[in-house]
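Enquirer: Sending over a structure as structure tokens; questions will come in a sec.
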Amino acid sequence: MKQSVSAEQIELKSSLPGSKKVYVDGPREGMKVPMREIEQSDTNGVPNPPIRVYDTSGPYTDPAYKVELEKGIPTPRHSWILERGDVEAYEGREVKPEDDGVKVASKHTPVFPQMDRKPLRAKQGANVTQMHYARNGIITSEMEYVAIREGVEPEFVRKEIAEGRAILPANINHPEAEPMIIGRNFHVKVNANIGNSAVSSSIAEEVEKMTWATRWGADTIMDLSTGKNIHTTREWIIRNAPVPVGTVPIYQALEKVNGIAEDLTWEVYRDTLIEQAEQGVDYFTIHAGVLLRYIPITAKRTTGIVSRGGSIMAQWCLFHHKENFLYTHFEEICEIMKQYDVSFSLGDGLRPGSIADANDEAQFSELETLGELTKIAWKHDVQVMIEGPGHVPMHLIKENMEKELDICQGAPFYTLGPLTTDIAPGYDHITSAIGAAMIGWFGTAMLCYVTPKEHLGLPNKDDVREGVITYKIAAHAADLAKGHKTAHQRDDALSKARFEFRWRDQFNLSLDPERAMEYHDETLPAEGAKTAHFCSMCGPKFCSMRISHDIREYAKENDLETTEAIEKGMKEKAKEFKDTGSHLYQ
């Protein structure tokens with residue numbers, strides 16, 4: 001009997017403390033855009049307004065929603081897709097045991113109950129990409145939805161997509177996804193990588209990682225599974241994912257040829273693209289820029305080729321002494337992508353894997369090819385973002401952003417960090433967040449998170465949380481630096497709460513309220529400590545903010561400006577010091 005993945009097998013939590021799910025009505029009937037509303041307490045009887053923030057958690061944090069993973073989540077985009085009249089349902093390819101990396105399907109594999117659904121594709125001669133609509137002056141429902149989430153006009157969204165400066169990854173077979181946008185003129189986004197390996201994890205664990213990552217703020221998910229049950233794992237994830245899902249198709253294609261890179265063929269890869277497009281994958285990482293002539297350049301590197309996809313294609317090219325088939329068949333790939341509106345994430349297969357290799361000839365040679373491929377994709381109205389490094393010291397980061405914008409004509413940049421030093425295994429979420437904040441400020445549109453397990457092992461759900469929060473910090477810091485119009489609102493609210501000793505509001509306004517409260521309560525667990533005018537760092541007598549309050553009260557009582565109060569107060573304290581014998585410690 002086939003098994004199933006149930007909500008009882010994974011940890012699902014309600015909304016974060018002090019928050020509730022709210023919906024903003026869109027311009028069309030039934031369109032409801034989710035937000036998270038953070039309540040605030042009053043200040044001496046004066047109300048503090050609630051703060052609304054971007055929400056990626058999907059229906060899982062809506063108390064009215066009953067989680068039934070075997071049914072998938074709601075499909076708000078389904079009617080929008082059908083009413084445009086340019087898609088058709090068809091039988092689709094047959095799902096085979098080889099898709100899951102086995103010769104015979106296992107009776108113990110939890111098959112998703114609706115795997116026999118009919119996929120959609122563009123009608124003959126039609127193009128269903130958001131870029132195609134945008135270039136034809138059409139503002140889609142997805143664009144209207146995104147405009148509300150970002151606080152901008154729908155026409156601005158349409159223009160950014162039409163010009164290639166932003167992508168709206170939204171496969172027509174992933175109607176569960178809540179539309180979002182990736183572009184440097186919008187909020188900086190964060191991607192979380194999940195996926196099994198040949199030695200670790202189960203389908204239930206990966207579904208849990210997905211719900212966990214989106215709860216903490218992941219804007220997209222990449223399923224990088226390389227073990228068994230790749231197809232089935234992906235089906236469970238997509239049917240329950242409220243955010244876009246990306247993959248690296250070469251991983252599954254390699255499994256289909258028993259892990260032997262030289263046995264890969266265009267036919268196997270093409271079949272894999274169609275398989276994943278029919279499932280609803282929203283963007284593909286495709287390493288079409290790893291050209292045969294670039295591979296010898298990497299021989300003098302400290303760490304060679306560190307990209308899994310890049311090394312697979314390099315091995316194939318060298319064995320056959322032929323050009324990369326992803327490059328030679330790129331136009332055919334575009335034809336597949338535009339039938340389903342799958343976006344390109346052009347892979348940086350030659351990214352530097354060490355500080356010593358940053359900004360070298362191999363890296364920038366590949367970038368030139370990615371610029372060439374971007375033009376080809378845009379000719380087909382297929383959406384494109386560009387993947388970037390990697391390991392780059394701080395003084396070389398800006399050059400990466402400038403070259404990408406120039407060579408790739410402003411297409412969104414999507415970077416892994418970059419890591420700014422190589423000496424901190426176990427802390428690479430920090431070494432990379434430093435670079436991520438910088439490159440986000442310079443213009444990167446999406447940051448791929450790094451967890452503490454980077455270079456060490458497969459991340460678990462706690463590592464996923466740590467990675468997402470760390471990268472939400474970097475992304476928000478970049479938004480602040482870029483002057484995003486709503487970025488300051490939450491900072492200002494938290495600072496006000498901190499100064500007024502509204503401890504619960506401080507916790508609730510933070511990116512990780514549970515962690516903030518946990519750390520506070522380690523030393524001051526009593527409920528009364530939630531209203532105290534100090535914390536355990538300084539205690540009641542040395543709290544700088546309490547002293548600042550005293551100065552303000554002194555000024556108010558003596559009808560003085562704050563500056564005058566400080567000067568007068570200092571004179572009085574100086575006199576008191578002298579009168580008590582000028583002893584430093586009483």
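We count from 1, first residue shown onward.
Using N, Cα and C of the backbone, Cβ positions are placed for all residues, glycine too.
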Enquirer: Using only what Swiss-Prot says about substrate binding by Met222, Tyr251, His287, Ser307, Arg308, Gly309, Asp348, Gly349, Leu350, Arg351, Glu387, Tyr414, identify which of Asn193, Asn196, Asn240, Asn400 is listed for that site too.
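Expert: My reading of Swiss-Prot gives Asn193 as the candidate in that site.
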Enquirer: Out of the binding-site residues Tyr251, Ser307, Gly349, Tyr414, give me the one sitting nearest to His455 (Zn(2+) binding site) by CA distance.
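Expert: Of all the candidates listed, Ser307 is nearest in space.
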Enquirer: Would you count the other C-beta atoms found within 10 angstroms of the C-beta of Tyr414 (substrate binding site) for me?
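Expert: A 10 Å sphere around the Cβ of Tyr414 (substrate binding site) contains 27 other Cβ atoms.
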Enquirer: Which chain-mates of Gly349 (substrate binding site) that are at least 6 residues away have a CB under 8 A from its CB, listed by sequence?
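Expert: Non-local contacts for Gly349 (substrate binding site): His287, Gly289, Val290, Ile305, Ser307, Gly309, Gly310, Ser311, Met313, Ala314, Glu366.
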Enquirer: So how many of the residues in the compositional bias 'Basic and acidic residues' (22-39) end up helix, strand or coil by DSSP?
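Expert: Secondary-structure composition of the compositional bias 'Basic and acidic residues' (22-39): 0 helix, 11 strand, 7 coil.
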Enquirer: Taking only same-chain residues 6+ apart in sequence, whose CB is under 8 Å from that of Asn193 (substrate binding site), what do you get?
Expert: Ile221, Met222, Leu224, Cys448, Tyr449, Pro459
Enquirer: Work through the binding-site residues one by one (Tyr251, Arg351, Tyr414) and name whichever has its CA nearest to the CA of His391 (Zn(2+) binding site).
Expert: Arg351
Enquirer: DSSP three-state call for Gly309 (substrate binding site): helix, strand or coil?
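Expert: Going by the DSSP assignment, Gly309 (substrate binding site) falls within a helical segment, counted as helix.
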